[in-house]
Amino acid sequence: MAMFWKFMRVAKYSKTALSPKVKVRGIPTHSRHSSSKSVPSDFAANTPCSNTVELLGKAYPQDDYSNVTEKILSKVGKNLHNKKHHPLWLIKEQVKDHFYKQYIGRRGTPLFSVYDGLSPVVTVQQNFDSLLIPQNHASRRKEDNYYLNRGHMLRAHTSAHQWDLIHSGLDAFLAVGDVYRRDTIDNTHYPVFHQMEGVRLFSSHELFSSIEDGEGLQLFEQGHRTAHKQECHTMEAVRLVEFNLKQVLTNLMTHIFGDGLQVRWVDCYFPFTHPSFEMEINFQGEWMEVLGCGVMEQQLVNS
């Protein structure tokens, strides 16, 4: 079973686009460290001919879906979240430090590994199909995304890397990066912003070992999908994962913003999690969304 969450948006994005997320389980100790592979910071985007875009050392043929602009291309590779002492870097390091100290694996190493250098150029399959996003979903529209061509795009969310990271054998990880959406610029929107998300996968032992008489509990059943759970998950498993998820994220927000934080949870919908939630915090007398999360669709783990 898995849980997922996403947060750290520098600019709020339109509601037609996908919201952030989070997932759950464990991770091989040899992978529990920050990734040193990063996208080159020196900008390398040009158009050697009218029907090709070269970006980060690769050439992408243009077609009827190509709509990325020179202005947006000039932002790719800046990696502000990896520039020491930049505000985004400071937030990222604060979150990393919290997870490294609070969540320790069986061998005394950090449970969560961190990946902050994954390329922002992804395939449409990675950005949408791997997350069960329907072909006719509004978030796929050219009006909302930056496409290099029909097969490649600038990631619209860090979740574009979830499937690859999970299927590389990772059980718990954080992914950080710049993301791109075609938003009109105003005081809460900008076409380039940043996200951080987390995923953790649970085995039956990891989820139930601390529960009295937990050896009799099961992760899976042949049941029915309801508003509270997926058809393949037992209610006991979902409740424990949901409790763990909300506790982890509440502790994180308290670590970032301080004690006395007012938090509330709102039920919502994401194609890749069920049940799904948004966390809101009270900021200057108003409720502000800071992240989205949920129990990952089991077929993403099984696929």
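Note: Cβ is positioned from N, Cα and C throughout, glycine not excepted.
Annotated region 'Disordered' per TrEMBL: 24-43, in sequence order.
The domain 'Phenylalanyl-tRNA synthetase' annotation in TrEMBL covers 78-200 (among others). Mean pLDDT across the domain 'Phenylalanyl-tRNA synthetase' (78-200) comes to 96 in this model.
Positions annotated as domain 'Phenylalanyl-tRNA synthetase' by TrEMBL: 244-300 (among others). The domain 'Phenylalanyl-tRNA synthetase' (244-300): residue composition by secondary structure is 17 helix, 30 strand, 10 coil, according to DSSP.
In the domain 'Phenylalanyl-tRNA synthetase' (78-200), helix, strand and coil residues by DSSP number 42 helix, 32 strand, 49 coil.
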